[in-house]
Amino acid sequence: MTTSRTLRLLVVSALATLSGLGTPVAHAVSPPPIDERWLPESALPAPPRPTVQREVCTEVTAESGRAFGRAERSAQLADLDQVWRLTRGAGQRVAVIDTGVARHRRLPKVVAGGDYVFTGDGTADCDAHGTLVAGIIAAAPDAQSDNFSGVAPDVTLISIRQSSSKFAPVGDPSSTGVGDVDTMAKAVRTAADLGASVINISSIACVPAAAAPDDRALGAALAYAVDVKNAVIVAAAGNTGGAAQCPPQAPGVTRDSVTVAVSPAWYDDYVLTVGSVNAQGEPSAFTLAGPWVDVAATGEAVTSLSPFGDGTVNRLGGQHGSIPISGTSYAAPVVSGLAALIRARFPTLTARQVMQRIESTAHHPPAGWDPLVGNGTVDALAAVSSDSIPQAGTATSDPAPVAVPVPRRSTPGPSDRRALHTAFAGAAICLLALMATLATASRRLRPGRNGIAGD
């Protein structure tokens, strides 16, 4: 990618108090070097060990009397009708690596990509998260029902269930949640091998900078997907606030003051990381700042598809009532849909050129780049209309979902690494949705030592 993106990978943690984690010592942070020897082998998706469902499925609801529409969700998509005169994403395959994508009448083209959670094919979704993400990418319009639609309704989706907060390993009653950086790496390899031109990842591992994770397999898989298979990879930046979210990071964070490391976002040369803004284009209060944030899209009070029916929903149920569906998880699929539109419109562009185009056509903040919105809020019409590829905006810094500390490790061999990831696998994927108010969910989604965040 650009030199500025490469430079943003070199970050130094500053002294900061992280809730429950003490004050980390400042030291340099960067992802492990890409080593193709860590690339997962091609294999049929399957859980690393037997699992069982331990939690009831997530409740989703539609607010009574509310009219759903595109305009309420994202100002940057207000020109979708004009965009669709140029492209609707036909011919593109977008992989959703998430909690599964349920079959829905408004998602007519879903390919079962496999299941790392249970014994399914990837098209079950007990958490609701993956289906919400998929709807934002590709929901077909239905003018007789509402004004909601996905960004790229003609794409084919590849559903890979990689994580769930509702399942747990058999024989481990203290563990809740499945999904880790190893299964994420395998899922990325699978998505690339299934021909995905765009891969959406709305989950992350979020850790103190002093405890950077050993995610070499994931790094190798990301490099394989981008450099070998020419896939665009889009990831959520992550959320702060509440026990089930990432530790906060200063809004003005620079590469010299990072306290929270995020994977896969810190592989900035391979991942387009997306922060969240509100309907007015202002950074969401929950969006996690970081020197690897590239662009932003609307992620507040979104509407999408129900995994348990044939309608649309806009609220998540919880112990204390329902809450709006919000989070950087739902900003990322806006950008994934846009990437698919660009790839359909300009099929000769490489993955890196598509990522650069999205950054270059965004509405840049006053400084050209900042840690909350990166190069700015995406502009779908500009991205698919311009024949030229402008230079990326000025970048000086670089972000992911629910917080999970990962202990620093020495350099283990593959067998040692598998053992260490056994504990990591027991951590819940913290759905990037802003669900901090759900007390029981917060306890479930924030493991004691390790985990992957999501929303």
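Each residue, glycine too, has its Cβ placed from N, Cα and C.
The region 'Disordered' annotation in Swiss-Prot falls on one of the ranges 302-330, 389-417, namely 389-417. Your range for transmembrane segment, going by Swiss-Prot and the list 180-200, 201-221, 222-242, 432-452, is 432-452.
In this structure, the C-alpha atom of SER329 (active site, charge relay system) lies 9 angstrom from that of HIS129 (active site, charge relay system).
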